[in-house]
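Residues annotated as domain 'Histone deacetylase' in TrEMBL: 37-325. The substrate binding site annotation in TrEMBL covers D108, G158, Y312. The feature active site, proton acceptor is assigned by TrEMBL to H150. Sequence annotations record features per position, and here TrEMBL assigns divalent metal cation binding site to D185, H187, D273. Taken from TrEMBL, the feature region 'Disordered' covers 383-533. What TrEMBL lists as compositional bias 'Low complexity' is 387-397, 453-467. Among the features that TrEMBL reports, compositional bias 'Acidic residues' is placed at 402-411, 515-525. If you look up TrEMBL, you'll see 412-427, 439-452 marked as compositional bias 'Basic and acidic residues'.
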Amino acid sequence: MSTLQTQQMTPMTGEQRKRVCYFFDSDIGGFHYGPGHPMKPTRIRMCHALVMNYGLYKKMEIFRAKPATKREMSQFHSDEYVEFLNRISPSNMSQYHKEQLKYNVGDDCPIFDGLFDYCAISAGGSMEGAARLSRNKCDIAVNWAGGLHHAKKSEASGFCYVNDIVLGILELLRYHQRVLYIDIDVHHGDGVEEAFYTTDRVMTVSFHKYGEFFPGTGELRDIGIGKGKGYSCNFPLRDGVTDENYKSVFEPVITEVMRSYEPSAIVLQCGTDSLSGDKLGRLNLSMRGHANCVQFVKSFGLPLLLLGGGGYTMRNVSRAWAYETGLAAGVELAPDIPVNEYYEYFGPDYKLDVRPSNMEDMNTREYLERVKNIVLENLRGLGGPPGIQMQPIPQLPHDLDDPNQDEDMIDPDERRPQSLRDIRIQPEGELSDSEDEGEGGRRNRQDRRTVDSSRPVSPRSVPPSQSDADEGYAPSSSERKKLSAEPDEVSVSEPATVANGAQWAEPGSGTGTDMEVDDDEDEDDGHVSEDKL
């Protein structure tokens, strides 16, 4: 590992290394809600630029998930609503005036070019991440394009159209008896809570601002109904909560939830509008205070699905998610932001940090203690985890997918195809870094310049090594001519790049999630029916 790379990432001591799958689709940054709209998908691309230029991609597998299909979305959403999202566009929206009112599309949830594709990318990453967790192909799955927790069964809400979280949880429920959903967005996770409000197989826990604030739900007394009574947990907060106060309620509540509910998988929605300085949020968390929640949940060692969510100050969103990606991979990122295509957004200090402001914390110690005690009392009243009757795991079409089905499409003349490089995790003892990774050259460059200590030679007289090919080394034009003239040598093709300057080409080898749905249509009450659980 080069000296500069060591400076950019510091391994966290005392932690067992986790297998991390990271999902990113370069198309996500090309969608635009419209001028003046606070939701900007470009923030995900900014986060990816930091992930790549910090060198985090060496610590995890990178996949481009298969976009979700209409059939997969219909596992939760109504068929008519999904079909509407598929058909609507700015060019024909005048023909669907009645449907726009019915499905709450128009103002907060505008119609823009590629709307359905945007929803499909978001949902596909969460569903495939859940599928890989269920099959024990990774310990932590990350999809920052997901976390759209306001979408309802037949209604868009709060900038959200398709609820990728519910779809991901439904995938987890095929293999796991109980799933815990935690929401640290400044807004209440109403769409997810409503979907599982009547079941005990999913516990939803939300820490959010409450009181004359969107969406207006998430009261302390909302604990579920019927079979799900006691399995919805809400912790309403007031303006300006600090790191210390947030930690004082988050950790005891989650600890009691783990003891009382005993989930076998966790979904964590990491909305960053709870950070200080957010354009819509009113809390006062620092980046490290927000990331402490991720680290604490990770410490339980259960399969973990990390999702995005709110966050409307783009430079702070990308900072926090990149830092939390590092925590998932077991490293702490250096405070100095590396040069990337969005570098100027992080001025004037160019530091990986979001500091709290001096706003007043309206959450008094007495208020927090009172609410915490009520929440803990409700959790203790559950009497232990609910029993689930054992049954065979339902088989869906994607369970039979061959992970090597695309290997015949690989160019036989390419030494290391991009799909293999995307999922390659660099060993800890590897010393070589190539120049095109933006890490300032090689640690052993001086040794490579000298074949014999008494006879210095030109650095280009030394043929490229295998490690060069592995790391994406691109020979010069003169070298390519020389290599092509030598029959025993194999030329190395130049790697493709995406907008952020990092290596990228075709999607990774992640399997699709083409799921079946029941023929019987659910009652349109916004809840997930028991037969799907």
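Please read every residue number as a count from 1 along the shown chain.
A Cβ is built for glycine as well, from the same backbone N, Cα and C atoms used for every other residue.
All TrEMBL annotations are machine predictions without curation.
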Find, for the listed binding-site residues D108, D273, the residue with the lowest Cβ contact count at a 10 Å cut-off, counting only other Cβ atoms. D108
Same-chain residues at least 6 apart in sequence whose Cβ lies under 8 Å from H187 (divalent metal cation binding site): H149, H150, G158, H208, K209, F213, F214, P215, G271, D273, G310
Measuring Cα to Cα, tell me the gap between D185 (divalent metal cation binding site) and Y312 (substrate binding site) in whole angstrom. 12
Any further residue of that chain within 8 Å (Cβ to the Cβ centroid of D108, G158, Y312) of the recorded substrate site: P38, M39, H150, F159, C160, F214, L280, G310
Roughly how wide, in whole Å, is the group D108, G158, Y312 that binds substrate, by largest Cα to Cα distance? 14
Take the mean position of the Cβ atoms of D185, H187, D273, the recorded divalent metal cation site. Which other residues of that chain put their Cβ within 8 Å of it? V186, H208, K209, G271, S274, L280, G281, G309, G310, G311
Can you name the residues of this chain that are 6 or more positions from Y312 (substrate binding site) yet have a C-beta less than 8 Å from its C-beta? P38, M39, K40, D273, D278, K279, L280, G281
